[in-house]
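Visitor: After the structure tokens below, expect a handful of questions from me.
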Amino acid sequence: MEHDQIQLESTFNQNKLRFMELVFATNNPHKLRELQQLLGDEIHLLSLNDIGCDEEVPENQDTLEGNAAEKAFFIFEKYSYNCFADDTGLEIDALNGEPGVYSARYAGEEKSAEANMAKVLKKMTEISNRKARFRTVISLVIDGKENQFEGFVDGEILHKKRGAEGFGYDPIFQAEGTTQSFAEMNSEQKNQLSHRGRAVEKLVRYLKSLNLSL
């Protein structure tokens, strides 16, 4: 009887995790699709649109950590949802870490990926040191308590765009130990080694460590 009860509780908890819902503080369809693939069917993501948030979520901090936390707490405090938010930056050694926290709007507030890449390539024209890294910070806020998870991948800036997959700076970034840009990889290949994939792996590991109490 006790064994049956343990099995029932285990099944209940697994189902509870499988259908856990968390708000991901973005309406970026590329990010949502990539994160849902990384999370699998254990967690169902809700976008900002899904919770009726049609206002701009603030990100006014000068670090990736600060921006991720600001976005996650904004949703938790105003909409009462457990939430996580991420901020990602491309950090180029020869440009003293630029574009960094300003990666999305490096070439202007319109946040054009094409303009951002063009600006990077122009600045790097005469530079031989192409070393760079992508870094993602995830801020998870559950019941008002925050935990952060970081992932990064080292690589280099290419001399021109390559590939049509991915988004952002993917066409001009080649990860260490590979021969393809992120934009030449399919989503499965990219997720295995990407900065965001590594941060999400830590996030999922933490969620599972909570004894499924959500």
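Glycine is no exception: its Cβ is also placed from the backbone N, Cα and C atoms.
It should be emphasised that the depicted structure is a prediction, and the values quoted were computed from it without experimental measurement.
Pulled the feature table from TrEMBL, pasting it below:
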type: ACT_SITE; residues: ASP87; note: active site, proton acceptor
type: BINDING; residues: THR26, ASN27, ASN28, PRO29, HIS30, LYS31, THR88, PHE167, GLY168, TYR169, ASP170, LYS190, HIS195, ARG196; note: substrate binding site
type: BINDING; residues: ASP87; note: Mg(2+) binding site
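Let's see these features in context: how buried, what's close, how far.
Guide: The secondary structure of ASP87 (active site, proton acceptor), as reduced to three states from DSSP, is extended strand.
Taking the Cβ of ASP170 (substrate binding site) as centre and 10 Å as the limit, one finds 25 other Cβ atoms among all the protein chains shown. In this structure, ASP170 (substrate binding site) is part of a helix by DSSP.
With a cut-off of 8 Å between CB atoms and residues at least 6 apart in sequence, the same chain places GLU59, LEU64, GLU65, ASN67, ALA68, LYS71, VAL101, THR136, VAL137 near ASP87 (active site, proton acceptor), listed in sequence order.
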Visitor: So which of the binding-site residues is most packed in, judged by how many other Cβ atoms lie within 10 Å of its Cβ, out of THR26, ASN28, THR88?
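Guide: When each Cβ's neighbours within 10 Å are tallied, THR88 tops the list.
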Visitor: For the binding-site residues HIS30, HIS195, which one has its C-beta crowded by the most other C-beta atoms within 10 angstroms?
Guide: HIS195
Visitor: Which chain-mates of GLY168 (substrate binding site) that are at least 6 residues away have a CB under 8 A from its CB, listed by sequence?
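Guide: Same-chain residues close to GLY168 (substrate binding site) (Cβ under 8 Å, separated by 6 or more) are THR88, LEU90, SER103, ALA104, ALA113, ASN116.
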